[in-house]
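Chemist: Residues or ranges marked as signal peptide in Swiss-Prot (evidence: sequence analysis): 1-21. Annotation comment: Swiss-Prot describes ASN47, ASN135, ASN283, ASN493, ASN570, ASN578, ASN734, ASN803, ASN826, ASN838, ASN903, ASN937 (among others) as N-linked glycosylation site, evidence class sequence analysis. Among the features that Swiss-Prot reports, substrate binding site is placed at TRP448, ASP449, LYS650, GLN651. What Swiss-Prot records for GLU584 is active site, proton donor.
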Amino acid sequence: MRFKSVFTLLPLLAQLPSGGASLPNNHGRVENCVRNHDGIHKFRHSNNTYQSMFPGVTWDEDQWVLTTSSLDQGHYQSRGSVANGYIGISVSSVGPFFELDLPVAGDVINGWPLYSRRQSFATISGFFDIQAETNGSNFPWMNQYGGESVISGVPHWSGLILDLGDDDYLDSTVDNVTLSDFKSSYDFKAGVLSWSYTWTPAGDKGSYAITYRLFANKLNVNQAVVDMEITPSQDGHATIVNVLDGYSAVRTDFVESQEDDGAIYSAVRPWGIPDVSAYFYANITGSKHVDLSSRRLIHGKPYVSANESSIAQAADVNFVANEKVRITKFVGAASTDAFPDPQATAKRAVSEALDAGYQRSLRSHVQEWASIMHEDSVDRYVNPTTGKLPDDDNIINSAIIAVANTYYLLQNTVGKNAIRAAQDAPLNVNSFSVGGLVSDSYAGLVFWDADVWMQPGLVASHPEAAQAVTNYRTKLYPQAKKNIETTYTGSKNATYIDPSAAIYPWTSGRFGNCTGTGACWDYQYHLNGDIGLSLIYQWVVSGDTNTFREKHFPIYDSVAALYGSIVERNGSYWTLTNMTDPDEYANHIDAGGFTMPMISETLEYANQFRQQFGLEPNETWTEISENVLVLRENGVTLEYTTMNGTAAVKQADIVLVTYPLVYDNYTAETALTDLDYYANRQSADGPAMTWAIFSIAAGAVSPSGCSAYTYHQYSYAPYARAPFFQLSEQMLDNASINGGTHPAYPFLTGHGGANQVVLFGYLGLRLLPDDAIHIEPNLPPQIPYVKYRTFYWRGWPISAQSNYTHTVLQRSQSAPLDTADRRFANTSIPVFVGLADNATLHHLPPHGPLTVRNREIGTINTIEDNLIQCSPVSSTDAFEQGQFPISVVDGATSTRWQPSSSNASAVTVNLGSTTGRSVQTVASGFHFDWAAAPPVNASVIFHDTPLSDPVAALSSPGPHVRIVANLTNIEQSGPYDPEATDLNEIKIPVGNTTRIELAQEVPVGRYATLVISGNQALAQADGEDHVGATVAEWAILGPKSGSPRRRIQPVPLL
């Protein structure tokens, strides 16, 4: 039964500020960040610090700082990533050094299509080469038509080495036994990565307190800074070595390197591009004990690779015991793609940084980050009254990833202030590669990842930064039109293609032509519609109708012309043959279940825009749009015509029809059926971004429960890596057990997906090209409160906040965009709340709030009389990746808890006052859905205090512990029968269930614990410990006379 909250709107409205959200105090933030990193003051953590999901890693919620005391050398997952949208670099876990990976399970290989060695990477925006082929390909025979264009590296520019002589030096290979008091922090407010520790090399050379700080200047994007402090324990002599290491300059030809006015520089050009080069200059300053006059080039050192583009310069240092020595390295960089004279630009950049010095450089950098990524630009979970995060590990980690997602995406964009500072150089025009500027995973190519996964969440809150995506597609539009001439390379060679059409390749680098990795024809045609969606989003958030009409609508119309040309009649329907949907496990199929709706929507919108801009609609497009072929079986939308029930799915496909497509000819009932079916068919070896879409779709179409919250955790937690919450492409990084994938890292696609959940899921925002805001708020009960990041609609900033029952919208006090639609300057904005076929119209006034009711499906029971749905859950037992304990109470059978051990494992539900439910109620029975792998035995324990060892409590209950149910040799309600089961049939799976009716009602304690053991899905019990059983849902049934109404006391909205 849906709970009707006793919460009234009057207190909520009384606490709202009349003028909108308060502006962030950027001055105080800047001063605090500068103080923390100026090298004069000691870094001070706030009192609002929490333990993260990773041992030894803490999170400072007030300052947005991750700090680790754990050192993991030689592994790509622990490397820090630093970028400013123009230059980027990955550095070792022990300092700003170049690093080669150490083998794990014999593997040091990055993935398709390069299959190159894992190592630190550095590059500069747009630095793509041209080469005949790559080690992997989709259509290798296509290389005869022009070859590939993949990202090239540049010299690794951040190295600053302390060399004591006699082979004692500090770089990425330092022996960790010589290090103590290790800490490394990533300050996301300051944009500074830092390290501190004591290095005590073997012998009698004393010890050295070391601090490093690294940042790529966010305002002056041609500049970067490395700051080093050394405090020796005894007198001595050493050298400081300024290194530009050519080992990371992969796929380049050497141009030149030498000293120049005290600085050193190295220049390279990408393979096959003779008129493009990148120059990197580096110079150092030092405190009084650093002899800058002694600077000289050195060779043959083990920390400087023998690559031709490597160059290193040493300076002498005289140590005095306990006196700090400080060395600051300034870097200047430029390439021909953005600057006509890259050498002069890079030299000027390093000189200007040197003149500015560390403090002014740091301040300008921090100020720019504060203006771009202010407090209101990130989803916040802190209680508005206490300023603290809830005492819930999932929410704490969600708060961390909310900041990390935004930061890692933004550090791959260039803001308008930086563009202005660079005299309007073409800087924000190269979109996002899968790994950004710090990785050559997926060859640094641009995929649909940028348009569908990274752009939507970013463009809503940072429209100007996100222009990188649409600017890139606009830049390559002429080539996309030329690609139409290449139909001879595919099965459409005899098809008439409208000359106004355009087609983009699946992968894209410098040129945007059709290649072996980036086919145009007979592959993922949906990409072109994906690009169309990103153009619409940019328009809706910016209000810039002129840019859309003049630059983006022509692209959109060309995509419509493409779709109108390549479909063909199939009876009374239109279909597309020899294509691939987003699910790349099924290639060269017909009538893709996502692509066909994408074609329909694209054609419909194209005609709508034509009318809006005074052009004649295309009647054929209308006819096609209304009659695309979409096949269903047992209510499930098929991915392709020959699909059967054995098909596993690589990544989000049909679920994309619900969001982001928002397909008109698609009911909520069908969307729910598709959600439940494909959640069960999703491969565990699929990439990270998938589950974000399941979360958003579940929030939109599920009639009950809180699986959206489970999927939210699934969207990032199994993929996050210590220490800095960068996401991997895979849940398991070992290619020998994850289906053979060498995961991309960092996987910005995953960050982009997770970055959409809160705004498009919990708020239910949809960026539709009309004159209204569209939302459908539905905050899970586990989250007491969320303040959504400020989002833009038609150029106007909108703030929103939710508790469980209500959502408040109002115009933010932040300035509107320069492109804001002036029609809404002083008038109300229409707001539709709910699904399109059942939406309610509201109006957001120019001043003051709009309050709307949430869906509140978390308190609608999936299983009647369930007392514990969406209650707090905990477990101390290890569980399989993504198979969270919270799954057992989320009201959905498509999510599951699966402990890693088939020995006894326990999950505990808190029925106490945190959920507003009285603990005086009684239980009349239990319902279990075991999914496909029931346990052998199970027990239910009621208790009033937490149990340190629930398994031990089974044999020794104690005075406040009641064993309420014992199930042994659990009978399967639906055992697998190979004779009767048609594996080819497409239908939603039904799990094994058990229902227990108690002889008499039993009082429920504050806690209830389920203990399971064994796994009936295993072939046989051989005495070994295997993976545990599955629990899809556990319900405690309330009194037979009717369970008490669940009450959730909402957090007041300020």
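Heads up, residue numbers simply count up from 1 along the chain you see.
Placement of Cβ uses the backbone N, Cα and C atoms for every residue, glycine included.
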Chemist: Using C-alpha atoms only, work out the spacing between ASN135 (N-linked glycosylation site) and ASN283 (N-linked glycosylation site) and round it to an integer in Å.
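Modeler: Distance (Cα to Cα, whole Å): 38 Å.
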Chemist: May I have the list of same-chain residues other than TRP448, ASP449, LYS650, GLN651 whose Cβ is within 8 Å of the Cβ centroid of the recorded substrate site, in sequence order?
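Modeler: Neighbours found: PHE447, VAL452, TRP453, PRO582, GLU584, ALA652, PRO687, MET689, THR690, THR749.
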Chemist: Give me the CA-CA distance between LYS650 (substrate binding site) and ASN47 (N-linked glycosylation site), in Å, as a whole number.
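Modeler: Between the Cα atoms of LYS650 (substrate binding site) and ASN47 (N-linked glycosylation site), the distance comes to 43 Å.
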Chemist: Which one is it: of the glycosylation sites ASN570, ASN803, which Cβ has the fewest other Cβ atoms within 10 Å in this structure?
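Modeler: Selected from the glycosylation sites ASN570, ASN803 on minimum Cβ neighbours within 10 Å: ASN570.
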Chemist: Just to verify a number: CA distance, ASN47 (N-linked glycosylation site) to ASP449 (substrate binding site), in angstrom, no decimals.
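Modeler: For ASN47 (N-linked glycosylation site) versus ASP449 (substrate binding site), the Cα atoms are 38 Å apart.
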Chemist: Could you check which of the glycosylation sites (ASN493, ASN803, ASN838) sits closest to TRP448 (substrate binding site), going Cα to Cα?
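Modeler: So, spelling it out, the nearest of the glycosylation sites is ASN493.
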Chemist: Going by DSSP, is ASN47 (N-linked glycosylation site) part of a helix, a strand, or coil?
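Modeler: DSSP call for ASN47 (N-linked glycosylation site): coil, neither helix nor strand.
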Chemist: Quick check: in three-state DSSP terms, what is the residue listed as 'active site, proton donor'?
Modeler: coil
Chemist: Looking at the glycosylation sites ASN838, ASN903, which one has the fewest other Cβ atoms within 10 Å of its own Cβ?
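Modeler: Checked ASN838, ASN903; of these glycosylation sites, fewest Cβ neighbours within 10 Å: ASN838.
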Chemist: Rank aside, I only need the closest one: which of the recorded positions ASN578, GLN651, ASN803, ASN826 has its C-alpha nearest to that of ASN283 (N-linked glycosylation site)?
Modeler: GLN651
Chemist: What whole-number value in Å do you get for the largest C-alpha pair distance within TRP448, ASP449, LYS650, GLN651, the residues recorded as binding substrate?
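Modeler: Farthest-apart Cα atoms in TRP448, ASP449, LYS650, GLN651 are separated by 15 Å.
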Chemist: Distance between GLU584 (active site, proton donor) and ASN734 (N-linked glycosylation site) at the Cα atoms, whole Å?
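Modeler: For GLU584 (active site, proton donor) versus ASN734 (N-linked glycosylation site), the Cα atoms are 21 Å apart.
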